[in-house]
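Visitor: Feature list, courtesy of TrEMBL:
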COMPBIAS  433-444  compositional bias 'Basic and acidic residues'
DOMAIN    5-69  domain 'DUF1899'
REGION    402-444  region 'Disordered'
REPEAT    78-112  repeat 'WD'
REPEAT    128-163  repeat 'WD'
REPEAT    176-217  repeat 'WD'
């Protein structure tokens with residue numbers, strides 16, 4: 001089974017789910033009764049958006065994230081669609097821009113004001129008209145600004161460049177017509193150079209989104225796929241679906257070979273859909289069941305057994321949809337590593353569910369909060385359309401920290417095509433952060449110290465500076481590893497500086513106490 005072996009070392013072995021109290025939930029929200037298999041909810045650190053029931057067209061609510069409690073029944077809505085809204089997604093680089101798609105065959109982009117809505121929003125910022133049938137899915141590109149993907153029931157995926165002038169766009173920059181049936185799910189890899197899709201024809205495809213070329217295609221008789229997900233840079237895909245006996249099923253695939261799954265496992269006999277959610281920072285995979293109140297979570301490994309079962313969150317309230325808070329909106333002081341927003345239409349309630357790592361210390365836990373994706377694009381729409389790929393910008397979740405660029409990382413396996421390999425090699429030279437460009441002396445000094453260190457005898461090479469153990473962190477051999485070491489040293493210096501400041505404060509307090517004692521005596 002996926003949880004074998006029973007005992008293994010993991011920082012996330014005891015992660016547990018904690019539901020928010022009643023006063024921190026969103027009550028009296030008219031959640032949609034649409035039967036589409038979508039999330040119906042989108043969350044960012046500023047707002048929560050949820051598709052709602054309405055008469056005469058489609059609408060959704062945009063509620064400030066801190067406005068919990070009962071919702072006013074006359075609260076303004078975003079209601080510019082002529083048909084039911086099927087999907088909504090926030091712009092990952094702008095917390096005040098949201099995209100929506102509808103049964104009226106259009107995709108609309110909306111500007112949300114930075115305050116409470118006082119009246120309905122009916123005029124979109126942009127309207128995308130190109131599909132001939134209803135549009136069921138939309139996805140923002142993970143690293144390029146103003147690039148949006150839409151998938152409709154006309155079996156086409158359209159790529160839109162929103163930086164083009166005009167309020168009504170009718171010509172997408174690219175149309176992907178590799179599917180023979182409705183696309184059920186879309187997912188990007190980390191830098192957005194590959195697109196994975198699940199189709200109603202039971203096939204999983206890996207596509208080059210710029211050219212439309214199908215790089216890999218596979219189907220398995222005993223697995224009827226519904227949702228597919230890229231597992232970060234693991235070179236693997238994860239899918240949920242049903243078996244030939246209609247049991248809910250999960251499967252793990254090698255993205256370079258979709259002929260046979262690496263792992264296949266039946267979960268239960270329920271009829272609801274399974275939503276997969278992957279956290280590439282912690283390598284944790286969450287499987288959310290539609291129609292039940294359970295959230296299973298696993299840890300992903302690059303080697304067998306690949307999938308390690310951790311625990312399951314149980315609730316008697318069934319969920320219709322789910323929203324996920326980006327990592328930059330989490331409460332790091334409470335050791336919160338993920339947060340779901342559960343849609344419960346039977347009670348007209350949105351309930352936050354926090355996934356927490358139990359720790360006794362109340363200080364920042366750097367080991368469970370690695371650098372995560374920042375709310376800044378790594379490249380423009382024109383750069384991405386020109387064939388450039390870049391890893392996402394990274395930011396530390398430590399309070400008062402600044403965003404940094406992701407260092408170039410050497411691939412541990414051969415990429416899927418030669419085109420992506422050439423583009424990655426061309427761009428690997430330009431991914432240094434602005435801070436590193438301003439500090440070439442420190443990097444050169446680190447290289448000199450590395451040469452001096454390598455010249456020492458073996459019995460003297462016991463550890464690295466700043467407390468990094470030689471066996472845990474070997475000396476860097478490439479510029480990428482050198483930059484990673486440099487970032488870690490900067491974090492260690494910042495931590496030590498904070499300790500020194502605390503010690504100085506304690507010394508001053510003790511000196512004042514001594515002075516008061518001397519004066520009193």
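In case you wondered, yes, glycine gets a Cβ from its N, Cα and C as well.
TrEMBL entries are annotated by machine, without manual review.
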Visitor: Which residues of the same chain, at least 6 past either end of the repeat 'WD' (176-217), have a Cβ under 8 Å from a Cβ in it?
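Guide: Residues packing against the repeat 'WD' (176-217) from afar: 37, 136-137, 139, 141-144, 147, 149, 151, 153, 155-159, 224-230, 232-233, 237, 239, 241, 253, 255-258, 280, 378, 384-385, 387, 389-392, 416-417, 419-420, 423-424.
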Visitor: Within the domain 'DUF1899' (5-69), how many residues are helix, strand or coil going by DSSP?
Guide: 3 helix, 24 strand, 38 coil
Visitor: Let me know the model's mean pLDDT on the repeat 'WD' (176-217).
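Guide: The predicted confidence over the repeat 'WD' (176-217), as a mean pLDDT, is 94.
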